[in-house]
Amino acid sequence: MNGIKDERIATVDLLRGFALLGILLVNMPGFYSPSIYMDSFEDTHSKIYMAIDILGQGSFYPIFATLFGFGFMKIFQTSFKNNVAFTPLFSRRLFLLLCIGCVHAFVIWYGDILILYAVCGFFLLFFQEARGRTFLYWGGALFIIPSIIMILLLIVASFSKAESNAVGVVQPLIDNSISAYRDGSIAEIFSQRFLDWYYINNIGTFPLLFLSVFPFFLIGAFLAKEKGFERIKENVLFIKYVCMICFFAFLFFKVLPYLIGFNVATDFMQDSVGGPLGAIFYITLFMLYGEKIPRFIAQPLQSAGRMALTNYIAQSVVCTLLFYNYGLGFYGNVTVMEGFMLALGFFVVQCIGSSIILKRYSRGPLEHLLRSFTYRGMKNEKNAVGK
C-alpha cells in the first residue's frame, strides 16, 4: 500500500491562518475577563470591541468547522484511494482530538471547541458515502430551518420581563470568576474553569452547539467532494454572487442590535445567523482573492494555518499564564485595547514561529501527534506521517 501523503491547498491553509487570528481576537476577552457572563464592555476603547463584535464574533468557528468537514472528506477520499478502512481511522482521529480537547478545557481554558468538534465529528461518519449535493442540502437545512424557528421564538421571548432580572443573577458569576482566576488557588481555578465550561457546554445547550457547527461540517465536506477550492476559476461568477449576497446579509444581522437595541432575539440573529453568514463571506472572499495577497503576508499566515491545532492550544497556554493567578495574574485588569494589541502581537510571533518550525519539520507537534495516532499501525507509516 502506498503511504498516505498530504495534498495541501494554499487557499485552505491561508484561510485557516486567517481564522486562527480571528479566533484569538474573539477569544481574548474570555482569557482576561468573565466575558461569557457579560453583555458588553464598559471601556473607553469600545469601538474596538464593536469592530470585533461585528466583524469577528460568531464568524470564525464556522470557518474552522467548514475546514474540519473539508478535511474529513479529503481523508475519506484518500483512504478510499489507498484501500484503507475509513471509519476506524477517522474514529481514532476524533478520539485523540477529544482527549486533547478535554485537557485543553479542564486543565488550560474553559473555552475549548475541540470537544464539540470531536463529538459532532462522529455524526459525519453517517455521511461518508453521501453525494456532494446531499451534504449541501443537509447543511443548508440544518442551518436555515432551526435559525428561523429560534428567531421566531426569541422575538416572542424578547417581550418578556425576565431579561431585566438577569443582571442580578449574573453578577455573582462575574464576581466568582474574577475572585478565582485573579486571586484564587490552583484548585479554585480548576473548579471555576469547570463551572465556566459547563455553563456553556451542557445537555441544554448541546442541541444549539451541535447546530452551530455540524451544518458547516457538511458544507465543508461538500466543498471537498465537489473540489470547490480547486475549481475556483470554473465557478468564479457564482462565488462572487455568494460572496456579495452574504456580505450584505452578514452586515445587516451583525449591525442590527446596534440599530434597534440588544435583546435575546437580536443577539441570536447577530451571532448565530450573522456570524455564519460572515464565515461564508470570508471563505468566498479568500477563494476569490487569496492568491492576490502579497507573499510576505500570505506565507506566514499559511504557516500558522498549517499548525492551527498547535497554535490554538498555544494561545490558551500563553494567555492563561499571563492572566491567571498561577501566572502573572493580570485577570480583570486589561482593557479592550490592550487585549487587542496583545492578540495581534502574539499572533505575529506565532506566524514567525510557525514559519521557522515548518522550515525544519513537515508539521507542528500536535499535528504530527494527531496524524501519527490516526495512521498508526499502517504500512509505510513513516511515509504516511512524514513530509
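Using N, Cα and C of the backbone, Cβ positions are placed for all residues, glycine too.
For 223-376, the entry in TrEMBL reads domain 'DUF418'.
Long-range contacts of the transmembrane segment (14-33) within the same chain, counting only residues at least 6 positions beyond its ends with a Cβ under 8 Å from a Cβ of the stretch, are 41, 49, 52, 56-57, 59-61, 63-64, 67, 109-111, 282-283, 286, 290, 293, 298, 300-306, 308, 311-312, 315-316, 319-320, 322-323, 330-334, 336, 339-340, 342-344, 346-347, 350-351. TrEMBL lists 14-33 (among others) with the feature transmembrane segment.
Summarising the annotation, TrEMBL assigns transmembrane segment to 54-75 (among others). The list of residues near the transmembrane segment (54-75) in space but at least 6 beyond its ends in sequence, with Cβ under 8 angstroms from a Cβ of it, reads 7, 12, 15-16, 18-19, 22-23, 25-26, 86, 89-90, 93, 113, 117, 121, 124, 135, 212-214, 216-225, 229, 250-251, 254-255, 258, 270-272, 274-276, 278-280, 282-283, 308.
Per TrEMBL, transmembrane segment is recorded for 95-127 (among others). Sequence-distant contacts of the transmembrane segment (95-127), counting only residues of its own chain at least 6 positions beyond either end whose CB sits under 8 Å from a CB of the stretch, comprise 27, 30-31, 36, 61, 64-65, 68-69, 72, 87, 134-135, 138, 190, 193-194, 196-197, 200-201, 209-210, 213-214, 217-218, 221, 309, 313, 316-317, 319-320, 366, 369-370, 373-374.
Per TrEMBL, the feature transmembrane segment maps to 134-159 (among others).
The transmembrane segment annotation in TrEMBL covers 203-224 (among others).
The transmembrane segment annotation in TrEMBL covers 236-260 (among others). Long-range contacts of the transmembrane segment (236-260) within the same chain, counting only residues at least 6 positions beyond its ends with a Cβ under 8 Å from a Cβ of the stretch, are 50, 53-55, 59, 266-267, 269-270, 273-275, 277-278, 280-281, 284-285, 287-288.
The transmembrane segment annotation in TrEMBL covers 272-289 (among others). Distant neighbours of the transmembrane segment (272-289): 11, 14-15, 18-19, 55, 57-60, 62-63, 66, 143, 147, 150-151, 208, 212, 216, 228-229, 232, 236, 239-240, 242-243, 246-247, 249-254, 256; these residues of the same chain sit at least 6 beyond its ends, with a Cβ under 8 Å from one of its Cβ atoms.
Per TrEMBL, the feature transmembrane segment maps to 309-327 (among others). Tertiary neighbourhood of the transmembrane segment (309-327): same-chain residues 20, 23-24, 27-28, 31-32, 100, 104, 108-109, 111-112, 181-186, 189, 334, 342, 346, 350, 354, 364-367, 370, selected by CB-CB distance under 8 Å and a gap of 6+ residues from either end.
Feature annotation from TrEMBL assigns transmembrane segment to 339-358 (among others).
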